[in-house]
Every structure is written in C-alpha cells, then in structure tokens.
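Asks: Before anything else, here's the structure in question.
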C-alpha cells in the first residue's frame, strides 16, 4: 500500500512539473479558421458597428483574404450614424473606427458638424467615458500627413491605401482641442496611487480596466494638443503605469495577467478583457510620448504568454481581445519590446529514430524572428531536478526549416520526462524581449527491451516449480497451465531501456478473467530490473468466489515514453477450487451490455392475408368493353329515330323548365349508377352527440329501401360510435326508433334516411 501511494505521489509531482512548463504556440491557421466561424454576418452586415469593427480588425490582423464583404451595407449604416444628430459619442466612435477600415465615401460637411459636437462634449465632460469616446473620435478624424490615423491605428498602416476622396474628407492635420493640458489634468485627477483609475470622481472604487481606458484617452489628448503637454505630467502617468505593473498577477507557467477587482460594475470583466484594456492603453500612450518606459521584459513576455495560453476562445469578443492585444504587442516596436515565442515542433523525441531537440522562434502572430542565439542552458529529468544532464549547449540553425536544433543527444539522456531550459539572445535587445528562460517539457521515448519472461506454477508448501513456461512477450505465443487451490502462480520479466538501465513503467498489471466474466486485477511489483508477482490461490479462493474453471491471463505494461507498450493475452490457467461453503460470498452481477439492451431490436415481420384470386386482366378489360355496348346501342337508336334538338325552347322560362327536366332525368340515371357501383362516400363530422360514446366517422350508403311507403332507392347516412358494454344498432325513420338489438360488442351505429 505504501509503495502504491509513493508511486501515485511521484506521478502527481511529474504532472505538476509538466504543467508548470507549458508550451505556448503562436497564432496559426487554426485562429484564421476560427475567426471566420465566430464572425459571420447576417444579411450582409453584423449586428452592430462595434461588432463590425472587431470583425474587420481581426480579419486585417490575421491577414484573411477571403473574408465576407460587408462594405455596402455597413457604409450605409456608418453614413447614417455620422449624419444623425441623435447619435451618441459612442455611436460616433464605433462608426469612425469602422470608417477607418472600410474608408467609406462621406461628405466633408458631415465631419465639420461632428467635430464641433465632439469638441463641445470634451469640454463639458467629467466622467472617464465622457472623455474617452469624444477624444477617441477626434483622434480618428485627425490624420497625420494625409493617411496615418494618429490614434487607434497600427504604425504599419499603409498610407498609399487611402482613397483620395477619403484624404480630402478627413485631412484634418490642424485639428486640435482647446485647453488640452487642462483636460489632461482632469483625466489624471481620476487616477489612484496604485496605478488604477476611477470612472468618476464620485466613485471611490478604482478599476484596472478603467486604467487602460484612461491611458488611451490621455494618448488622444497628447495627439490632439496644439502645444506640448507638460513633461512632468507625462512622467507622472508613466510612473502610474509602472505602479500598475507592480500589481500584475502571475501563473505558474510564466504567464502574467491583470485582473479586475471591482465588484460594482455593469458587466463582468475577466482577466482577458482587463489585460487587453491595459495593453491597448499602454501601447497607445507610449506611442505618442517621448522617452522610454522601463518595463520588465519578462512581464511583457508573460502577457503574450497569457493571451496565447488561452488557445482559441469560443466567444467573438474574447477572440478580438486576444488578437488585438497580440497585434499591439507586436507592432509597437519603437515603444514596447516585441515578445518572441519559443515552441518545439514536437514535444516527443524518439531514441529509436535518433531524433534530436528542435525548437522554433516566432513572434506572437507567427512571423519569423530575426537572427538569434539560442542556447540550451540545462536539461534535467523531472524525477531529479537538481541533476543536469546537458549544460550550456548552443543550438544550430537550419535556415531551410527555420528551426534551431541540437546536434546530438548525449548518452546520458535516456527515456523519460525532461525539462529543457532554453535562453534567447539577440543583438537587438532594445527591440525584442530576450534574456528570459523558457522551460520546454520534452518526452524522450524508445523501445523497451522485455526479457527473461516466464510463468510458473509453484507448490504451496515447498515453493518448488511444478510447471514452468517461457514467454515471448514481443510475440504472439500463449501458454496453457493447470493448478489447484493449494498451489501458486508466479509471473516474472525484466524491462531495460535503450541505454541499458532498468525501466519502471507507470502501469504493470496482471488480470485474471473467469469464464463468467468475473475479473481480478493485480499490480506487478518490481525490484531493480526484475518485475515479479506471485498469486497464492489458497488465500484467494474467497476473492475468486470459489469459481473453478478456465481463467484467461492478461498482462498490461505501459508508459508514455514506452514505444512498445503492450496489452496482451499470454494464456490461461485451469484452476481447481473446492465447492463454495454455504455462507460463501457470491460473485457480483455482471453489467448488462448497453448495446444488447438499448441497441436495435430484431426486425418485426408482419403476416398479411393472402390476396384473393382475381380474373386475368385481359378478361376484366373485355368485360369492361362489353358494358359500353348498351350505351353505344342507345346512341345508335337515337340516330335511327331522328332525334331533333332544333326545337329546344330558347325562351327563358321554357328553356329553364326544359333544362330542369333533363337534369332531373340525368340525376335519376346518376343515382342508378351510384347504386349499381355501390359507392361509399366518407363524410367528416358528426350528426349526433350521444353521451358516453366516441365518434369514429360516418359515410353515405346508397342502397334499396325496405320501407313499403318509400321509393325503391334511398341514401342513408351511417354514423359509427363506440360505447362500452353494448353494441346498439338503431334505425331511425322519420324520427321514430325502428329497431334495437343488443350484443356484447362495443359500438354504436346510427342510420338515418335523408
């Protein structure tokens, strides 16, 4: 028991070490496919301008060429929003952000009216968001040098892509705000000593998310100021940024993130939204100010790891925050050092295939990194962290595959779980984040040699070998043994690594399965290279439920670094056990196969009545033709009699009576025809509502009447109902009951003459 517990603790420790050394992969084609799935327009447009900007911005960052075309419908919405006097500053801000990407054709007069409204909104603002949206909108309108948006755009923006009409409508290089320094101080007054910001002066709670918004607003004020802002105020804000980074939180895998601690907020802001807000504010403020900001490189790299560690978010808003933040971290090369991501193409190295360690270095968006020096500082096994197996090895660069590789693994490296500590170094230390250590978990696998495998039946008293068989666990041989309850079963084998060391797998089990599907599993222990288990049947008869018969023997040996893990039936043993005493435990009930219970049932075959014999088809058609002979004879007779229709009355009244006369004759003929054919016409609805019955239907029946006072032919309507305990047949004639017959059947038939 103690040995099993110790092995379990070692396994948990190994898993925790591997989790601490996580692998972060840069943006790949999987993100591009996810972007097209998350951002899907409906009827040529997105639900809001904010969502439209997030989708277009994401498509541009990821370089997606085959993106949905929403320019026609969206430009109409942008033009309507910008031209409406009821649009809020946030509506204008979203519309201008979309317009900065789609470059819609909007008249210059529209911008003239917007600018005056936004400047007035900035002058009368007191809340943080009241500053943020108007200043951001003015920053989007103002273009530097006729093409570079001063605020909220990437420095890699292509100036030549601006449409000439777009340049004319937005060339507001002289756009400024009055009293920029006073507005700067008003926003700065909302800051707190820990680097966080308040949304208003009346709200004492400070917010990390609001800090990012405030930094963006301050960046807009600097870009819109007609004169230089006091550098002392700029330096104070930079100190606030450093204090804000002092409160950054960290995961065990080296990822850093900001979390929101304010409870009284309109919506929940998680670490992703909060960290994204800070990154936007940081890059926006440092872009428009001079001087350096001494931020630790490991925290910038940690933020990149946090955004990449999320994987592919399933929410469109989270996906945009992830991609947008990574784009800001990569594009602002002049201000923030670009984080580089080191990742191995594979975390498995096979000694059998003589593979070597390989790593790739990319930017967060997957771009190629500049020439670097990649050094393997040390490598150690997860089972002995203090012992290094490799020290200070520089990796070679393969320009064809753009990977750094280790020439060869030393002989001291055997199968197992290892952590490789890699250091990146570059000549452009001010441009890229270097000097940080990256821990890469690697599994080194190989073929494990299985030897000296044998199985034997031993005498219980003396321990002498009664029967012994050698096993070839790499082959398909099986053995057949027999034993009784006074004997023992012994299984032993050895495991050796490719380097000749003893190997201890995570799993080594022996299973005995009886004919009745009752199973018994035992852990195979080891001492050095040898694994051995001895089963004393005398002490196991109760656990075997006194079941004699055939027991199949199955051996399981497996490990994550073992390339030839096995799950093999090695034979069976015929076990003779005495009959169970009266109060002996009974074997448990075996689980019912779900497929047999809930699977498809056997097909039900229906037996139908054998169809009656019918005359041949030719005979039926011949008889049908003969039935038309009387009609033909009737027509010939009319011709022979010289029927003259010229004297048919033409006046209205005589013609009406003549038509009615012939229609009556035709109706009589039709009635005779119906009687002849015995037509049944089904009707929907009930004529009678009798208590305690259930209506089934009714039909018309044309038949001869048996009433001596009625004509020889009549139509009766039959209504069928169900009534419990009796069957009634009632014939009603002129409102009188004609007959009543009782029976044990359930039913009711009503017949009425019409």
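Just so you know, glycine gets a Cβ as well, placed from its N, Cα and C.
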Asks: Between the candidate ranges 569-593, 594-618, 619-643, where does TrEMBL place the transmembrane segment annotation?
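Replies: TrEMBL lists transmembrane segment for residues 619-643.
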Asks: Which stretch, out of 540-562, 655-677, 678-700, is listed as transmembrane segment by TrEMBL?
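Replies: The range carrying the transmembrane segment annotation in TrEMBL is 655-677.
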Asks: What stretch in 27-143, 173-330, 341-444, 608-682 has the biggest tally of Cβ pairs under 8 Å against the domain 'Ribophorin II third' (452-575)?
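Replies: Selected stretch: 341-444, with the most Cβ pairs under 8 Å.
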Asks: Can you tell me how the residues of the domain 'Ribophorin II third' (452-575) break down into helix, strand and coil by DSSP?
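Replies: Result for the domain 'Ribophorin II third' (452-575), in helix, strand, coil order: 4 helix, 75 strand, 45 coil.
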Asks: Restricting to the domain 'Ribophorin II N-terminal' (27-143), report the mean pLDDT as a whole number.
Replies: 92
